[in-house]
């Protein structure tokens with residue numbers, strides 16, 4: 001069993017390589033924005049690819065050719081439609097496999113192995129300790145996939161019934177990446193389920209037997225972070241509504257309340273905390289998922305940096321104590 005764990009921790013499979021590359025790319029983009037003005041050339045196309053929504057307004061002048069690739073920001077809802085359908089599809093397959101022993105379809109099993117799924121062998125399952133460890137991993141992946149699906153359902157609901165979208169835009173490349181993103185995240189979660197040559201590890205009726213304290217902590221953190229993100233989106237929505245809830249304008253205002261008292265992009269901070277809660281659910285030591293968290297951190301930090309810059313340049317009375325993304329730090 002030790003050899004399996006060591007291999008699982010050390011291998012740089014395609015999924016880890018991809019998430020590492022994405023995290024490094026957004027870290028580099030963030031560092032370039034933090035560099036002193038004039039030190040690096042200001043490429044309009046690069047800026048157009050890393051900004052969306054209101055932050056495009058505070059960026060460099062956009063060439064006409066860039067506007068040809070604009071997609072309405074309200075199409076964010078498409079990301080969550082894809083996620084609800086795709087990850088619901090994966091959750092159905094996983095539930096049947098874990099509790100009924102039904103095998104994954106051949107195409108899905110082959111895809112997961114190509115991406116770098118977690119493997120175990122029957123000879124490694126002889127001891128009770130080994131069975132418990134594999135059961136913990138299987139339960140962790142199941143819970144995280146449930147969290148991901150619930151998160152997507154909530155965000156889809158918010159896009160339709162809470163958020164008030166202006167005529168802001170995003171680049172078509174960002175739109176295409178967003179469509180693929182949740183497909184990739186779902187496959188990443190599913191690849192963490194222990195598999196042998198034919199099937200995933202079956203929990204059967206012993207659903208709660210491998211449950212551990214970090215499963216409970218991860219669930220509590222997920223619910224807490226999700227509640228804060230929902231509240232932040234309600235606050236942003238109310239900035240464009242009257243007391244009766246009717247939309248009266250699509251202009252930008254300074255948000256107050258909840259985590260907005262500390263950071264400009266409280267909803268982005270909540271997003272990061274949601275992904276950290278999933279890392280906790282994996283037992284803190286899932287290297288693949290920490291790479292996903294690293295990507296989310298640098299991606300959200302970059303967007304938060306642009307948001308903070310926009311607010312400070314637009315509103316003279318903007319609270320000076322607020323940070324961009326991390327309370328009291330950044």
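Cβ atoms here come from the backbone N, Cα and C positions, even for glycine.
Small disclaimer: the values here were computed from a predicted structure and weren't measured.
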From 257-277, 278-298, the residue range that Swiss-Prot assigns the feature transmembrane segment: 278-298
Range annotated as transmembrane segment in Swiss-Prot, from 169-189, 232-252: 169-189
Swiss-Prot annotation (transmembrane segment) - matching range among 54-74, 75-95: 75-95
Transmembrane segment range according to Swiss-Prot, out of 112-132, 133-153: 133-153
Intrachain neighbours beyond the transmembrane segment (169-189), with Cβ under 8 angstroms and 6 or more residues off its ends: 15, 18-19, 48-49, 52-53, 56, 66, 69-73, 75-76, 78-80, 82-83, 86-87, 90, 111-112, 115, 141, 144-145, 148, 152, 288-289, 292
Stretch with greatest number of CB pairs under 8 Å, the transmembrane segment (278-298) reference, 20-40, 133-153, 207-227 candidates: 207-227
Mean of the pLDDT scores, which run from 0 to 100, over the topological domain 'Cytoplasmic' (299-330): 96
